[in-house]
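Taken from Swiss-Prot, the feature Ca(2+) binding site applies to 42, 45, 47, supported by similarity to another entry. The disulfide bond annotation in Swiss-Prot covers 53-180, 60-174, 64-169. The feature intramembrane segment is assigned by Swiss-Prot to 2-13. Swiss-Prot lists 14-20, 95-135, 211-226 with the feature topological domain 'Cytoplasmic', giving a curator's inference as the kind of evidence. What Swiss-Prot records for 41-73, 157-189 is topological domain 'Extracellular', and it gives a curator's inference as the kind of evidence. Among the features that Swiss-Prot reports, transmembrane segment is placed at 21-40, 74-94, 136-156, 190-210.
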């Protein structure tokens, strides 16, 4: 998967984010996408080929692998990153729509006094207020939901975050209970715990930013005259 397009889009969103949001984006790309692209694929590249079971029964190895690893860690992480990044794309769409409306009004001569030219509209930093505040805050809320949901899925699907060295399988067509051995279990456990820890950090950053936006919103309301 090519992550450069996603990085370009989210980089545009980063211009309109809070300081906490910029830290979140840095953590997302450096500690998650880069690790996933550069390191994790090397560790999980041999997962099915080196999944060995002590039986020659045709199909038994494939069935056992599918039973214990219904979805590859790499693919589930990639899916998680897509879901977590999608709400930020809503902010990018909102900003694009805002600028489009500003350009349309400028061309029609409705806001000639606010901007010198269209280039100034393109370079304008959009403040997180009004309808954009709701879009931005909603995107953070859904990011927290997606992060927590995927952490729960990881824990339930793989029966914890530690990779077992030995698993026992008695699924059909295995003739009896067979022993299957996982390749690089310790290394995979380290990567899994690291990715889960980074997910937890992202949740903490998102919750902090959400609280910051809510406090700023409430303080702004209280300053308005009754």
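Start at 1 and count along the chain as shown; that gives each residue its number.
Using the three backbone atoms N, Cα and C, a Cβ is placed for every residue, glycine included.
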Give the distance between the Cα atoms of residue 42 (Ca(2+) binding site) and residue 180 (disulfide bond), rounded to the nearest whole Å.
21
Considering only the recorded positions 45, 47, 60, 169, 174, which residue has the minimal Cα-Cα separation from residue 180 (disulfide bond)?
169
Same chain only, sequence gap of 6 or more: which residues have a CB within under 8 Å of the CB of residue 53 (disulfide bond)?
60, 61, 64, 169, 174, 178, 179, 180, 181
How about long-range neighbours of the topological domain 'Extracellular' (41-73): same chain, 6 or more residues beyond its ends, C-beta under 8 Å?
157-158, 167, 169, 171-175, 178-184, 187-188, 191-192
On a count of neighbouring CB atoms within 10 A, which of the binding-site residues 42, 47 is highest?
47
Find the average pLDDT over the topological domain 'Cytoplasmic' (95-135) in the predicted model and report it.
69
Fewest-neighbour residue among disulfide-bonded residues, criterion Cβ within 10 Å, set 60, 64, 174:
174
Cβ contacts under 8 Å made by the topological domain 'Extracellular' (157-189) with residues that lie 6+ beyond its boundaries:
43-44, 46-47, 50-55, 57-61, 63-65, 67-71, 73, 76, 196
